[in-house]
Amino acid sequence: MYRALRLLARSRRLLRVPSAGAAVSGEATTLPRCAPNVARMASQNSFRVEFDTFGELKVPTDKYYGAQTVRSTMNFKIGGATERMPIPVIQAFGILKRAAAEVNQEYGLDPKIASAIMKAADEVAEGKLNDHFPLVVWQTGSGTQTNMNVNEVISNRAIEMLGGELGSKKPVHPNDHVNKSQSSNDTFPTAMHIAAAVEVHKVLLPGLQKLHDALSAKSKEFAQVIKIGRTHTQDAVPLTLGQEFSGYVQQVQYAMVRIKAAMPRIYELAAGGTAVGTGLNTRIGFAEKVAAKVAALTGLPFVTAPNKFEALAAHDALVELSGAMNTAACSLMKIANDIRFLGSGPRSGLGELILPENEPGSSIMPGKVNPTQCEAMTMVAAQVMGNHVAVTVGGSNGHFELNVFKPMMIKNVLHSARLLGDASVSFTDNCVVGIQANTERINKLMNESLMLVTALNPHIGYDKAAKIAKTAHKNGSTLKETAIELGYLTAEQFDEWVKPKDMLGPK
């Protein structure tokens, strides 16, 4: 993949989530209102003093964020470190802020300032500054605090690069320069789409493709294994184990098709819409140029959204993508359940599949082994279904010119993409590739099945065939014995007409 995608993948592997206490280095304290021209560095307790429009706040000297970030940590103490804004969103912001700085330089932003912003934004995109983003998802529904967290971090890092004083907002101002031609209302949805697209391409689709390929290989491996089918969990007519697995292959294939079909709307970026979609305080061409820069940085086909009012006020694209993932979760739930039920036993279940044994299954029953990968996959599927409910509620609550469920929506979309991608890889590596067919058990169950009688329908009719099946079941006899005893056909006729290998498709 392209440069930014490689950097994002590398940064995720190196990600360290600090404790909630380390994030803000203690309780922030509100000081008397004033707006100094430069920040006053506090000599005690390793704080510096910064200000926002509400007044002064103490900021840890070892952090690049500023007053608005500190104020958010004071106002939204919800959930702790585990509820932080997803790092993919922060890294997407880094990509966006770099692209905006490039375009703003074309429109007259001081090249020295633009260059420093771009370098700092690159560090954000690469995950080098993850420790400086302490805010939780549960904040303003527009994501304004996170946008300002990004602006402050990039501003202070750029100031440091230029030899200035942290918190001074000189020579790089978080609003006037880093956020130039932007609003939280268009930057956050842009970052949402960038993050979602990257996660889909880096994690979700590769995971599903791996699972698809493994299931396809098993379908071919089991092509000659004839088994009894089941409908309503009851015996049905035969099919091959390969045919059964081919259904799973198609489900995963369609899952990828649906996800890819949702991506063109994800590639549309809100950047340039600013506050309500009109593009106030931007230059003509800014939106198109930013989208092109983001596309170049990520290697993904991003374009400017054709209607910025829709891009800010509604997030139907994310609901659509979440819906595709929800459908994938339904498919994976069915596949995992089928495989674990077919592997149930080892002596008292169906036992048609032999599943890999990966770890002890019980703290009290010696020798017990469980279908743990199937269980993990079904739990992931359930979580994704729940995530989609939240995304659906969020998407339906765009009021007037702005949807204010943005952070919650992207948190759940990214969570679903990551879980499905990772679970698909785990399920493939630790279960699917090691599945074996228990042909002895499969043959035994098939030969005992009463539904082989269906092959007699064209020869003796439905009613007589049903009589054979019911009588055989009642008496505990075989179909062949019962058919002969009832006088409906000879042994030779039964052997000629009831052949499982001839019951696998149309004639």
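Glycine residues also receive a Cβ, built from the backbone N, Cα and C atoms like all the rest.
Fair warning: this is a prediction, and the values are worked out from it, not measured in the lab.
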Quiz item: According to Swiss-Prot, which residue among Lys97, Lys119, Lys293 is annotated as N6-succinyllysine?
Solution: Lys119
Quiz prompt | Per Swiss-Prot, the candidate from Lys77, Lys444, Lys480 carrying the annotation N6-acetyllysine | solution = Lys77
Quiz item: Among Lys63, Lys128, Lys501, which is annotated N6-acetyllysine in Swiss-Prot?
Solution: Lys63
Practice problem: Would you mind checking how many other C-beta atoms are within 10 angstroms of the C-beta on Lys368 (substrate binding site)? | Solution: 11
Quiz item: What is the interatomic distance between the Cα atoms of His232 (active site, proton donor/acceptor) and Ser184 (substrate binding site), given in whole Å?
Solution: 52
Exercise. From the recorded positions Lys63, Lys112, Glu375, pick the residue whose C-alpha lies nearest to the C-alpha of Asp176 (substrate binding site).
Key: Lys112
Self-check item: Distance [Cα-Cα, Å, rounded] between Thr233 (phosphothreonine) and Pro174 (substrate binding site)
Solution: 62
Practice problem: Work out how many Å separate Lys58 (N6-acetyllysine) and Pro174 (substrate binding site) at their Cα atoms, rounded off. | Solution: 18
Quiz item: Which one of these recorded positions, Lys112, His232, has the sparsest Cβ neighbourhood, judged by other Cβ atoms within 10 angstroms?
Solution: His232
Exercise. Sort the binding-site residues Pro174, Ser184, Thr231 by C-alpha distance from Lys77 (N6-succinyllysine) and give me just the closest.
Key: Ser184
Practice problem: Could you check which of the recorded positions (Lys220, Ser362, Glu375) sits closest to Ser184 (substrate binding site), going Cα to Cα? | Solution: Glu375
